[in-house]
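Student: When I checked TrEMBL for this same protein, it listed these features:
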TRANSMEM  B:6-27  transmembrane segment
DOMAIN    B:12-82  domain 'Glycine transporter'
TRANSMEM  B:34-51  transmembrane segment
TRANSMEM  B:71-90  transmembrane segment
TRANSMEM  B:97-118  transmembrane segment
DOMAIN    B:100-174  domain 'Glycine transporter'
TRANSMEM  B:124-145  transmembrane segment
TRANSMEM  B:157-176  transmembrane segment
TRANSMEM  B:182-199  transmembrane segment
Amino acid sequence: MKHMPHVSLITVIEIIAILVGAFSGFIEARRKRMDVVGVFTVAFIAAFGGGTLRDILLDRRPLFWVQHQEYAILIFILALIANPLIRTLRQIVSERLIVIADAVGLGLFAVAGVSLALTANMPLFIASMMGVITGIFGGVLRDIVCNEVPMVFRDGKPYAICAFIGCWLYILLQRTNVSDDFALWLSATVITLLRLLTWKFDMRVGRP
Amino acid sequence: MKHMPHVSLITVIEIIAILVGAFSGFIEARRKRMDVVGVFTVAFIAAFGGGTLRDILLDRRPLFWVQHQEYAILIFILALIANPLIRTLRQIVSERLIVIADAVGLGLFAVAGVSLALTANMPLFIASMMGVITGIFGGVLRDIVCNEVPMVFRDGKPYAICAFIGCWLYILLQRTNVSDDFALWLSATVITLLRLLTWKFDMRVGRP
Amino acid sequence: MKHMPHVSLITVIEIIAILVGAFSGFIEARRKRMDVVGVFTVAFIAAFGGGTLRDILLDRRPLFWVQHQEYAILIFILALIANPLIRTLRQIVSERLIVIADAVGLGLFAVAGVSLALTANMPLFIASMMGVITGIFGGVLRDIVCNEVPMVFRDGKPYAICAFIGCWLYILLQRTNVSDDFALWLSATVITLLRLLTWKFDMRVGRP
C-alpha cells in the first residue's frame, strides 16, 4: 500500500461520483418505463451532463468523457443489467450510503468546475456559477429529458447552495498562501459536509 | 446632461431588456413553485439563453454574460427578493409598460443577433434566423426548463415574425449607403413598433 | 443521364433524409397545435438537431445547415404550407414509403456521424456514440421541445440499436482494405435494412 500512487484515490472517488450520477439516471429512466436506449442515455446525461455543459460554455475540448471512453463503456454495460443491478443494490446498499456518495460527488464536481473556470480566466462570480453548473446540471438535464421540472429547482433542499458556498471558499483560498491541492480538497470536503448536515437536519430554503 | 456619453443610453436599454427577460423567468418559476435556485436559474436562462445559444452555434466566445458578470450578480440579488419584488412591480407597473419593455428587448436582441451573424459571415437566411433565435430562445429555453411547450411556438402571436421582418430590414439596409448605426437603430425600432402594433390590435398568425 | 455526376445521388438522398426529419417535426408540431413559428422550428430541429449536437460536441464549424442555407429555406417554405402538404402526402404516400425513407435517413446520418467522429480522432466507442447521436437526436430534441418523453427512449423499437450496429460495422471495415466509400455505403445500407427488418417483424427490445 505504501507505494500506491495518490492518483488512485482520486480515480476511485471519480468513478464513484460518476456511478452515483448514472444510477440516478437508471432509476429515473426506469420510472419513466424507458427501454435500454433511454436508460443508457439518461444515465449518461445524468453522469456527464453538468461537466459537458460547462465545457461547452467555456469552449473546452476534448470533453471529459471523450478522453475517458472507459466511463462511457462502463455505463453502457451497467445499462444492460440496470434492472437486476438496481434491485441488488437496493438490498445491499442503504439510502444513507447513496446520500453520502452523492454528496461526495457534488463536492468533487463543483470544485473541479470552479477550478477549471478560474484557469480559463472567468470572472469570480461566473466561475462560482460554473462550479454549481458542473455539480447540478447533470440532474437538471436528466429531468428535462425525462419530461420533469428539474428536482433541484423545486425541492427546496439546499443542494446548489452547498456547492455555491464551497465554490466561494475555494475562490477565497486561492487568494491565500495555501496550496491549490489543499484548497481543492478542503472546499470539496466542506461541500460534502454541508450537504450531509443539511440532509441530516432536513433543512430547506424557502421560495423567494 | 450635455456630456453624457451616448453609450449610457444603450447600457440603460440593455439592462431594461435583460431585466424584462429575467422577470419573465421569475414569474414562470414561481408559477411552478420553484425554490430560489430554480428562480435564479430560470430567470438567468430567460435573460441570456437566446444570446448564449446563438454564440454556441456561431462558436463565439467569451459569452456576453461571462464578460458582464454584473448582470449575473444583479439577477442573483433580484432572485433573492423575487417575491416582494414581483408584488411591488405589479402594483406600480402597468401591463402596458411590461409589453413595451419586452418589445424594446425583442428589437435590441434580434438586431444584435443578425448583426453579429453577418459579421461572422453567415449566409443571409441563416443570419436572419440567428437574429430571431437571439430574440426568442431565452423564452423557449425558459419554457422547456419549466416543462411547458414553448409559448412562442403556440400562442399565434407574431412575436418571432416581427423579429424576422426587422432582421431582413437590417440585412437590406446593409446593402444601401446608410450607416450601420442607423440601420441597427431603425431595424430595432421597426421590430418594437411592429410588436406593439400587433399587440394593440391583437393580431394572430394561423396554424399552417 | 450518362454524364450525371454521382454527387447528385447523394444530394437527392440527403434531401430526402432531411425532408423526412422535417416532416416528423411538422406532424409532431401540429399535434401540439403549434403556430407556424413552432412548426418551422420543430421541423428544423428534427431535421438538423442530431448533426448540430454532434458538431457542438466535436467543436466542428461551420454547422451543416449554415453552409447549406438552401435546406433551411426549403423547410421554411414547406412550413408555410405544412397543413395542405401533410394532407396531400397522406393521400399519395403510403406509411411503408415513409418508414423506408426514414430508415434510409437513419443509415446516412449515423454513418456520416461515425465517419466525422473518426476523422476528428475520437476513440472508437465515442465515435460509435456520435454516429447514433447524429441518427437519433433530431427526434430526441424534437420531442423535448414538444414536451414529450423522447419516443426513441421508450417505444422499445431497436432504432438506435440498428444505428449502433452499423456504426461498429463501419469502424471494423475501416480496419480492412476496403475503400472508405464502400465502407460508408455498406454500413448505411446495413442500418437501413436492419431497421426495415425489425420494423417488418415488429421486433422490440425489452426494458433492462
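Quick reminder: no glycine exception, Cβ is built from N, Cα and C everywhere.
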Student: Mean pLDDT for the domain 'Glycine transporter' (B:12-82), rounded to an integer?
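Tutor: Summing pLDDT over the domain 'Glycine transporter' (B:12-82) and dividing by its length gives 94.
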Student: For the domain 'Glycine transporter' (B:12-82), DSSP counts of helix, strand and coil?
Tutor: 60 helix, 0 strand, 11 coil
Student: If we call contact 3 or more Cβ pairs under 8 Å (sequence gap 6 or more), are the transmembrane segment (B:71-90) and the transmembrane segment (B:157-176) touching?
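Tutor: Since fewer than 3 Cβ pairs under 8 Å link them, the transmembrane segment (B:71-90) and the transmembrane segment (B:157-176) do not come into contact.
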Student: Can you work out which residues elsewhere in the same chain, 6+ from the ends of the transmembrane segment (B:157-176), have a Cβ less than 8 Å from its Cβ atoms?
Tutor: 106-107, 110-111, 113-115, 118, 124, 127-128, 131-132, 135-136, 182-184, 186-188, 190-191, 194-195, 198-199, 203-205
Student: May I ask whether the transmembrane segment (B:182-199) has at least three C-beta pairs under 8 Å with the transmembrane segment (B:34-51), counting pairs 6 or more apart in sequence?
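Tutor: Between the transmembrane segment (B:34-51) and the transmembrane segment (B:182-199), contact is absent.
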Student: By DSSP, how many residues in the domain 'Glycine transporter' (B:100-174) are helix, how many strand, and how many coil?
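Tutor: Once the DSSP states are binned, the domain 'Glycine transporter' (B:100-174) shows 61 helix, 0 strand, 14 coil.
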